[in-house]
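This report refers to the structure that appears directly beneath it.
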Amino acid sequence: MAADTVLRPPPPHSGGARPPRIAADRMPRHVAIVMDGNGRWAQQRGLPRSEGHRAGSVAAHEMVYGALEIGLRHLTLYAFSTENWKRDTGEITAILEGVRRDLDAGRIRDLDVRQRWSGRPGRLPEELVQAFAHEERRTRARTGLTLTVCLDYGGRDEITRAAAALARAAQAGDVVPDLVDEVVFARHLPHPDMPDVDLLWRTGGEQRTSNFLPWQATYAELYFTPGPWPDVDRRDLWQAVAEYGRRRRRHGAAVPLASPRKPPTAPSAPL
Ligand code: FPP
């Protein structure tokens, strides 16, 4: 962190909403969000889809502020997938330039946020990758929230690249193939320190995970909301986290009984 950076708290909610207090054992460690519905939001208003992405960026910033206010440690946002290249060039440019503008505007630069990019190398504009690398260097010592922005991200691509890295390590003699287990494999993911996703939230009414964090989200609680992404603000994140706190997570274990049952009493002997 640059010595002259004074970290400030996030700006308050515009309507004065205050963050809830969340018990430590009800708090997800990692929330991942599929920010869906920008295009429909814009089309419903007779606006170009790019305006939906612009409004979506405001909502993304709200999530960062809301996450900091409740003390969330990891937030991962799906901003552009490996499949989104199928969209028309104008829309792709609007999304990528919008993210670049956001980085340059630096609205989260002085918050306690460690910023980084996750995605496939080699296809995004080089200056965008450099801008992320710069933010990552500036913020790497921060301990509040880790914000991972997924751009040209695909879960299968991420797993495939991890497999390739593992194969290279085996070829170099650094890994013994017969000893590869989940822990060894995960060490070869592009962000090995990313914890498992506890809560995966998707807006916009669709109920699928769309190639988002398949390795990390195998046991995530799924949460789907009908409204489009630009309509959410930090209160919706708080609601999602509250819903997470009500879920019972078992990770494959059996459901414990609420209270131990008494053994059945023996029928009384006939008189
Ligand atoms: C999905 O909605 C949204 C995207 C593909 C782009 C999301 C990008 C942002 C919200 C900008 C993020 C900014 C930062 C700073 C991380 P869609 O276009 O698929 O909507 P539709 O389903 O209504 O067509």
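Just so it is clear, glycine is given a Cβ too, placed from its N, Cα and C backbone atoms.
It should be emphasised that the depicted structure is a prediction, and the values quoted were computed from it without experimental measurement.
Looking at 97-121, 122-146, 247-271, the range annotated in TrEMBL as region 'Disordered' turns out to be 247-271. Taking the Cα atom of each, Asp36 (active site) and Thr82 (substrate binding site) are about 15 angstrom apart. Taken residue by residue, the region 'Disordered' (1-22) breaks down under DSSP into 0 helix, 0 strand, 22 coil.
For the pair Asn84 (active site, proton acceptor) and Trp41 (substrate binding site), the C-alpha distance works out to 18 angstrom. On the backbone, the CA of Thr209 (substrate binding site) and the CA of Glu221 (Mg(2+) binding site) stand 11 Å apart. On a Cα basis, Glu221 (Mg(2+) binding site) lies 26 Å away from Gly39 (substrate binding site).
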